[in-house]
Amino acid sequence: MAKSAPAEVPSHFLCPISLQLMRDPVTLPTGISYDRAAISRWLAAGGRACPVTRLPLDPVPQLTPNHTLRRLIHSWLASLAAGTHVDDDVAAPVLSGDEVAALLSDAAAAQVSALKKLRELVAACEDARAAVESHDGVFDALSRVVSSNEACTTAREEAVVVLASLRVPEQDLIRVAATHGANLAAALASVLRSPNPNPRACAALLVRSLSEAAWPAWAIGMGPDLLAELVRVARDRVSPRATKAALHALAALCPHGRTRVRIVAAGAVHALVDLLLDDPDRRVCELALAVLDRLCTCAEGRAELVAHAAGLAVVGKKVLRVSEAATERAVRVLRSVARHAATPGVLQEMAQAGVVAKLCVAARSEQCGARSRERSHEVLKLHSRVWRSSPCLPPKYLALYPFSPPRHPALHAKKHPSPDPRPRGARRPRPRRRDVALPREGLPEHAEASIDLSTDDLRPHLLRAYDAAFSGKLSDILQS
């Protein structure tokens, strides 16, 4: 019997890049759906714009799974006639439990071919990834491959990529960290030294997940090599994804006091300042300032920032230039330095580098959050005696310098005199006449009466009356 002709695939089921039926459709922020594998290759090749709309994309754009389109494709495949031929590359890959078990068995033996196939299946289809995640022992098997000393470099990197692609439960991360802690940390440090940026980014993501979920057990085996390699990945900027992953990992490690000091000792502060000097994109700048803010909570971090020739200047430069989140982090860093490391040389450098001028603007700007304005005001008030008299502060910024805290308008409103209700040109009323009682001591009976004086003549007559009373010359009063 002759083979039937292939069914015509609807155009909206085709990937705009490969022109093949989409197996795992994902949607870019521009609203266009692509096959995950095709758009991933496009982005890995350096594509920075949507292939259809040509709109610019973020360095690492978010790929949202299009489940509705995927269900429509599966329904169309199911509704095809029994005799209609469908190409082999049309149907999405579906893994059975036995196939997953066989792949994991080969992967546990550190077979590179099995690990590569597992990585491709997990990246190509959501169903395949769910099938792998639901299999018992997958995380332990892959962790043993990563931490094994007998595994080759390629097998270890492939296992790291697969682990980073899976959604690992928290209890599995805790168990893996407790079982393979020291060996796993050393293995991840070796993967971070790989020339391939994809395994380096995946290793950094694994460090972040382990630090957030299994910190007490993970901290025991974590050595200084791992921290140094994370800092190097962030400094080298091998790829945007690897840089962000390394910054996320450092941010997850910073809340722990001793680890924070070890990160500073690994050269993280100088690496972050150099990264900010290169004017990275918005997200990288926010992450770098967030890590720098946490490192400056310890004395070692503040000392390293002040010791860098461009440390204070580059942090002040990011105020009001990147985003509100970046401004908040930068102001927090400057406040830490101003409160705990404010030597005369540091204060002079902040004035010369324009940091004080930026704080003056931030304290009055509506583009900052309320906390950022309050912190800027606090820093300026803290060293106002030095900075207000500094010749490095231009007059236009000196006018913005907060001399006093903001006053409540209802409590400090200027009181104006009430307007005169009389019509314009009307004669002013004559002053009222007042009765002034003279001193009675030593006065005769006829002088005890009050003297009626006007307001205009009140003062001289009072003076004369008192003089006369004390001098005994009462006749002058009666004659006046």
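We number each residue from 1, going along the chain as drawn.
Cβ coordinates come from backbone N, Cα and C, glycine included.
Feature annotation from TrEMBL assigns compositional bias 'Basic residues' to 424-433.
Residues or ranges marked as domain 'U-box' by TrEMBL: 8-83. Under DSSP, the residues of the domain 'U-box' (8-83) split into helix, strand and coil as follows: 24 helix, 12 strand, 40 coil.
For 408-452, the entry in TrEMBL reads region 'Disordered'.
If you look up TrEMBL, you'll see 267-310 marked as repeat 'ARM'. Summarising model confidence by region, the repeat 'ARM' (267-310) averages a pLDDT of 93.
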- line: DSSP composition of the repeat 'ARM' (267-310), residue counts helix/strand/coil, works out to 33 helix, 0 strand, 11 coil
